[in-house]
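Asker: Reproduced below are the annotations present in Swiss-Prot:
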BINDING   GLY11, SER12, SER13, LEU14, ASP15, GLY16, ILE17, ASP18  ATP binding site
Amino acid sequence: MDFFYIGVMSGSSLDGIDIALLKQDDRSRLLATHYIPMPEDLHAELLGLCSSGADELARAAIAEQKWCRLVAQGVQTLLQDQNMVPAQIRAIGSHGQTIRHEPSRGYSIQIGNPALLAELTEITVVSDFRRRDIAAGGQGAPLVPAFHEALFDDNKDHRAVLNIGGFSNLSLIESDRPVEGFDCGPGNVLLDAWISSQLHESYDKDGAWSASGKVDSALLQKLLSDQFFLTKGPKSTGREVFNLGWVKHHLFQSKTLAPEDVQATLLELTALTITDSLKSAQPITRELLVCGGGAHNKALMKRLAELLPDTEVSSTEKFGVNPDWVEAMAFAWLAHCCLEGVPANRPTVTGAKGRRVLGAIYPA
């Protein structure tokens, strides 16, 4: 039977909200999309909630209502554009907005008010995907490797899927064993934070500013000495660890560098932590498929290819899947798994003690 789902993803980069319409039968097909740029005031509020501050509970409650109403408007626009009505959609899979992720302390917090979203859209909402995995001893992240396996596993060995959003994560796909995966470290988060602090730009288009600088090996080695990079998976991370303050802490201990050299070094950090992780976990990788915003960073993609000379590095576009929409598609698929009672976590990815059905259901 064919079902229609909507997936909603707002990642750690906080740049906007991705909404994807999916047709789900024996495979997942992307039908339509809608993108909402994050309003500046809401971006600032959400970024502030990612670190300790005053009156956090009230601020989070207000921010998630604003976020939710934006999503509801986006869903309605998407349906209108497709001449569809809410009754045709089986469910919305809403990731929400992560404001804290500390699985070592037993929690990951995504705000988004799924009850209000169900009320505003008149569509069943599935949300809160991470906490069941954490309850079972897992990291609660990354959750997309199971979807990567479903989407890109055509019985070819030695394939990996790399998602580069605010943070980077790998899915290792082999035909004879369950998918494996983990967070590698910062993706765009440090690159975006540094260029914002220096040039007041939201991101480094094509990695051009990074490409104009030179890597400082001393700073790079200091950054690579972080305990996260020395830890084997399963592992996940977030803004609690990697943020502008983390960069400035290491810069304080270094010689004065040109801003573009810092950016070049941060790009090298992203590239090296990805490729070193891949070589360690899957020594032979014939094909690396890249999705997420980082797939558009030409300097980063070029560096990945240089560091992996025996691996074909390409965008998921090669499979006819737009790299910008893979995560939103994944949460539509996760909603489908929840309603079908299909476990969607992978213990080989998160470290949970078993497979679990993920998500909480808010009926229309």
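Positions of Cβ are set from backbone N, Cα and C atoms, glycine also.
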Asker: Under 8 Å between C-beta atoms and at least six apart in sequence, can you list the same-chain neighbours of ASP15 (ATP binding site), or say none if there are none?
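Answerer: Same-chain residues close to ASP15 (ATP binding site) (Cβ under 8 Å, separated by 6 or more) are PRO37, MET38, HIS43, ASP192, SER202, TYR203, GLY293.
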Asker: At a 10 Å cut-off from the C-beta of GLY11 (ATP binding site), count the other C-beta atoms across all protein chains.
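Answerer: A count of 23.
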Asker: Let me know how many other Cβ atoms fall within 10 Å of the Cβ of ILE17 (ATP binding site).
Answerer: 24
Asker: So if I measure Cβ to Cβ from SER13 (ATP binding site) and keep only same-chain residues at least 6 apart in sequence, which ones fall under 8 Å?
Answerer: GLY165, GLY166, ASN188, VAL189, ASP192, TYR203, GLY293
Asker: Ranked by the number of other Cβ atoms within 10 Å of their own Cβ, which of the binding-site residues LEU14, GLY16 ranks first?
Answerer: LEU14
Asker: With an 8 Å cut-off on Cβ-Cβ distance and a minimum sequence separation of at least 6, pull the same-chain contacts of ASP18 (ATP binding site), or say none.
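Answerer: Long-range Cβ contacts: GLY7, VAL8, MET9, SER10, GLY11, THR33, TYR35, ASP324, TRP325, GLU327, ALA328.
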Asker: Going by DSSP, give the three-state secondary structure for SER12 (ATP binding site).
Answerer: coil
